[in-house]
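The Mn(2+) binding site annotation in TrEMBL covers Lys71, Asp95. Feature annotation from TrEMBL assigns transmembrane segment to 330-351, 450-475, 481-500, 512-532.
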Amino acid sequence: MQEKYEIFKERLRKRRVDVNKSSRDHPALVQVIDGSNVGNNAACIYTEEVEMPFLVYVAREKRRSCPHHFKAGALNVLQRISSIFSNSAYILVLDCDMYCNDTISARQAMCFFLDLKISSSLGWIQYPQKYHNITHSDIYDSQFRITWGVYFLGANGFHGPLIAGTNFYIQRKALYGVDIVNGNDIREIRESLGPSNELLKSLTTNNNLNLRELPSHFLQEAHFLASCIFEKDTKWGNKIGFWYDTVVEDAITCVNLHKKGWKSIYLNPKRPQFLGTATTNFNDIFIQYVRWYSGFIDLTLSNHFPLIHTHSNMHFVEKLMSSYFYIEPFYFFPMMWFSTILPLCFLYGIPLYPQVSDPFLMAFGYILLSSWLKHLLDVLISGGSFTTWLSEQRMWVIKSLTSYLYGTLECITTRLGFHEANFTPTNKVIDDDTTNLYQMGKYDFRTSNMFLVPLVTLVNLNMFCLIIGVLRLLVDHDPGLLLGQMILVFYGLVLSAPVIEGMVFRTDDGRVPLSTTLVCTTLSLIILFLGYKLS
């Protein structure tokens with residue numbers, strides 16, 4: 001199979017010598033990879049003994065003058081082309097960095113899709129994203145343990161979980177819309193789906209084609225379905241298929257499907273049905289998170305925010321859960337307060353909480369401890385350890401001060417027209433140096449200063465404030481007044497221990513660059529001076 005695929009790639013390369021090499025400016029390409037001839041103009045790979053499954057390679061047309069709508073646009077093209085070739089009732093969506101780890105995922109999904117009690121309203125089956133290269137400590141929280149083990153599992157009690165972008169089976173008619181499938185007005189259907197007779201026929205007829213002897217005009221029709229002009233004046237990306245106008249097509253699509261009454265199921269068998277490669281460095285993680293959180297904030301500010309839809313089929317608790325993912329980047333604001341105002345007030349002796357002798361301090365302590373213990377319980381229930389809990393707490397703080405910040409800023413600048421939305425695929429290329437650091441439990445700080453500067457600056461600020469503040473308390477002989485603030489600042493530094501190690505003790509290539517450390521130290525001293533003036 002691998003040898004045949006390499007031959008196929010070489011033949012494609014030779015056939016596209018005169019094509020513009022830009023990934024955003026090229027014609028459509030639909031290629032049937034099969035052991036039989038497909039019309040007179042088909043270019044196929046001939047198998048010798050082993051019969052290959054029916055496989056179609058699709059590269060949609062892209063032009064700089066026409067928006068391609070990122071991943072959602074690609075999925076909609078695949079949906080249309082698969083309709084005229086196979087027209088299966090169910091579609092598996094799988095990212096290029098994931099692979100099937102078991103052969104029974106479709107059979108498991110069909111147990112639910114074919115259940116007469118729920119089949120009419122069941123839209124999709126979501127499997128978790130699991131990775132083969134995760135270490136026991138999982139320092140980057142790549143498993144999203146709480147998301148899969150708590151939120152998605154709990155969502156089964158209502159209408160089901162969100163779409164997570166990959167590893168899910170979805171009903172084709174859910175993407176078309178029940179009204180379209182059952183409609184009788186052919187003119188309305190054509191205006192919604194587009195001017196393709198073969199696509200329209202696929203709505204009401206089963207595919208009885210011999211996939212080994214396809215007529216040549218099917219390839220021509222497939223090229224038309226993959227063209228830029230096909231979706232003009234249709235409802236693709238709005239009412240049909242995966243929704244557009246965002247880089248988080250899964251979030252907006254599933255919310256709109258839930259609003260229509262479609263339900264979903266989270267299925268997590270013991271054996272992972274799909275496996276992938278997790279990101280093992282800060283640079284790729286930050287880029288991925290910024291894209292996600294920029295899209296979430298954009299949806300929060302749009303009319304797709306779940307809580308504003310009073311007339312929908314979504315349960316109120318389901319709206320709350322969906323909205324939580326949307327507004328998660330707003331954690332940046334309280335985290336920035338805890339990282340700046342709290343340590344500065346501790347340094348200059350300004351109490352923010354009741355002193356130790358005040359019984360009201362117990363209320364603050366209860367909130368803090370219950371939050372920690374709730375998270376720890378979730379981690380332990382899902383198979384983690386105390387070290388895992390500490391890593392997740394650390395990554396939450398790091399994300400709040402970096403990805404949440406820049407995701408919010410990117411959304412605002414995009415809405416103001418200063419920045420163009422983009423979909424940067426996450427790099428999953430394995431680097432030996434990065435892998436070695438990850439396996440040793442060391443963070444790889446080789447990323448842009450855009451992410452490092454706010455993080456390292458605030459770590460330095462908290463370190464200075466804690467050291468000087470404790471000395472001041474010892475001189476004043478009144479530690480009870482600021483004990484609560486001191487505990488929080490100290491806890492922040494415990495979480496920041498790997499950053500301090502990267503600045504001071506590490507000498508490998510993954511350490512925090514010395515130039516970045518010096519710049520951030522200077523910035524933290526400036527903040528200390530400004531705090532002194534304001535106090």
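Glycine is treated like the rest: Cβ placed from N, Cα and C.
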Check: Apart from its near flanks, which chain residues at least 6 from the ends of the transmembrane segment (512-532) lie with a Cβ under 8 angstroms of it?
Finding: 340, 344, 347-348, 445, 449, 452-453, 456-461, 464-465, 499, 502-503, 506
Next item on the list: Determine which residues of the chain contact the transmembrane segment (481-500) at the Cβ level, with the cut-off under 8 Å and only residues 6 or more beyond its ends counted.
Entry: 139, 338-339, 342-343, 345-346, 349, 351-356, 361, 364-365, 368, 390, 393-394, 397, 442-443, 445, 455-456, 459, 462-463, 465-466, 469-470, 473, 512
Next item on the list: Tell me whether Lys71 (Mn(2+) binding site) sits in a helix, a strand or coil according to DSSP.
Entry: helix
Checklist line | Where Asp95 (Mn(2+) binding site) sits in the secondary structure, as DSSP reduces it to three classes | finding: coil
Next item on the list: Tell me the Cβ neighbour count for Lys71 (Mn(2+) binding site), meaning other Cβ atoms within 10 Å of its Cβ, over all protein chains shown.
Entry: 19
